[in-house]
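**Student:** Heads up, here are the entries from Swiss-Prot:
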COMPBIAS  364-383  compositional bias 'Low complexity'
DISULFID  C130-C207  disulfide bond
CARBOHYD  N9  N-linked glycosylation site
REGION    361-383  region 'Disordered'
TOPO_DOM  1-57  topological domain 'Extracellular'
TOPO_DOM  83-94  topological domain 'Cytoplasmic'
TOPO_DOM  118-133  topological domain 'Extracellular'
TOPO_DOM  154-171  topological domain 'Cytoplasmic'
TOPO_DOM  197-220  topological domain 'Extracellular'
TOPO_DOM  249-284  topological domain 'Cytoplasmic'
TOPO_DOM  309-316  topological domain 'Extracellular'
TOPO_DOM  342-383  topological domain 'Cytoplasmic'
TRANSMEM  58-82  transmembrane segment
TRANSMEM  95-117  transmembrane segment
TRANSMEM  134-153  transmembrane segment
TRANSMEM  172-196  transmembrane segment
TRANSMEM  221-248  transmembrane segment
TRANSMEM  285-308  transmembrane segment
TRANSMEM  317-341  transmembrane segment
Amino acid sequence: MDIAGSLCNASEGPVLRPEARVSGNGDLQFLGWNVPPDQIQHIPEHWLTQLEPPASMHYMLGVFYIFLFCASTVGNGMVIWIFSTSKALRTPSNMFVLNLAVFDFIMCLKAPIFIYNSFHRGFALGNTGCQIFAAIGSYSGIGAGMTNAAIGYDRLNVITKPMNRNMTFTKAIIMNVIIWLYCTPWVVLPLTQFWDRFVPEGYLTSCTFDYLTDNFDTRLFVGTIFFFSFVCPTLMIIYYYSQIVGHVFSHEKALREQAKKMNVESLRSNVDKSKDTAEIRIAKAAITICFLFFVSWTPYGVMSLIGAFGDKSLLTPGATMIPACTCKLVACIDPFVYAISHPRYRMELQKRCPWLAIDEKAPESSSAASTTTTQEQQQTTAA
């Protein structure tokens, strides 16, 4: 029996590539066995030497992505709906929250491509589907990182300069436009193959930029995009939130020292003792989301560096699918972090969806909060 016949008997469908040799035990093919010959050129050679995973792994990931798609679509859809239609939430600062939700929503739009490929066990939608998948992922991933940095910048101004907030709608819109423009080159360059290209990875069901081709241009692209899309936003996030934490600690220390001089237990009201201020709660939500961004994208960044500069044998199809899934998971979790931590969003959600049984107390009036803040600052200054 010839090789093609052996492969047909070992697979559940027709083998389009006879050169996808049968493995030693005779019951598994190499990846790409069901890819048309005219599509093979788009797949890095590294993956064509890896064994095809069991069909159950494809189906399990497909079901997992169905869950991610539903949760992300509903969660981010609600954030976009409420933040864009509620007057109470229509503030310059929340323009960044809305922008992040848009990026996360876009991220989930590529899930149907992955799901279709998974249930067809490979590169079913071909190079066209791959380019769409990777372009969406690049825009949404890089955009989410830079938006998280912008949120950190805004939170720093709100908390350290509460009486001199200089964020306006115009400035917020300009910053969001800059973020979108910042993402564009990292999508257009590989999409047009001017610099690098988008290729399938892992089980050939997802796509990203090429980090496996062994040449200088690929290594330069990987190093450049790693710096500008991951290192830069991460450093900005760390700086902004370290400044916020430092300011909060120094402010609390000053209040305690002043209270001690005045022989009182605390300068804060009973309301402030029982709960954090709205600004701090929002900052906590932002810190959580930035932490999720770092945790979810770090494995992917490390994987791409290994592919470009390290030992490629470490990159098995199964190992590369783990970071590919974790970086999608954050887009699903983000909206629920805000649902838990953002007080005004919770109030609006409670009003529009009472069946969710959210119990969020109305915050103090802005005037009262402003008066309290002013008194604290005056007392601290007097010290």
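In case you wondered, yes, glycine gets a Cβ from its N, Cα and C as well.
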**Student:** Using Cβ distances below 8 Å and needing 3 or more such pairs, separated by at least 6 in sequence, tell me whether the transmembrane segment (317-341) contacts the transmembrane segment (58-82).
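**Tutor:** The answer is yes, given that the two segments have at least 3 Cβ pairs within the 8 Å cut-off.
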**Student:** Of C130, C207, the disulfide-bonded residues given in the record, which has the fewest other CB atoms within 10 A of its CB?
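**Tutor:** Comparing Cβ neighbour counts within 10 Å for the disulfide-bonded residues C130, C207 gives C130.
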**Student:** With helix taken as DSSP H, G or I, strand as E or B and everything else coil, how many residues of the topological domain 'Extracellular' (197-220) land in each class?
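**Tutor:** Residue counts in helix, strand and coil order: 5 helix, 8 strand, 11 coil.
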**Student:** Can you tell me the mean pLDDT for the topological domain 'Extracellular' (1-57)?
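**Tutor:** A mean pLDDT of 69 is what the predicted model shows over the topological domain 'Extracellular' (1-57).
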**Student:** For the topological domain 'Extracellular' (118-133), what are the same-chain contacts with Cβ under 8 Å, counting residues 6+ beyond its ends?
**Tutor:** 13, 31-32, 34-36, 39, 42-43, 52, 55, 58-59, 61-62, 65, 110, 191, 198-200, 203-207
**Student:** Kindly assign C130 (disulfide bond) to one of the three DSSP-derived states: helix, strand or coil.
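**Tutor:** DSSP call for C130 (disulfide bond): helix.
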**Student:** What residues elsewhere in the chain lie close to the topological domain 'Extracellular' (309-316), defined as a C-beta under 8 angstroms and at least 6 residues from its ends?
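**Tutor:** Beyond its ends, the topological domain 'Extracellular' (309-316) has Cβ neighbours at 46, 50, 212, 219, 222-223, 303.
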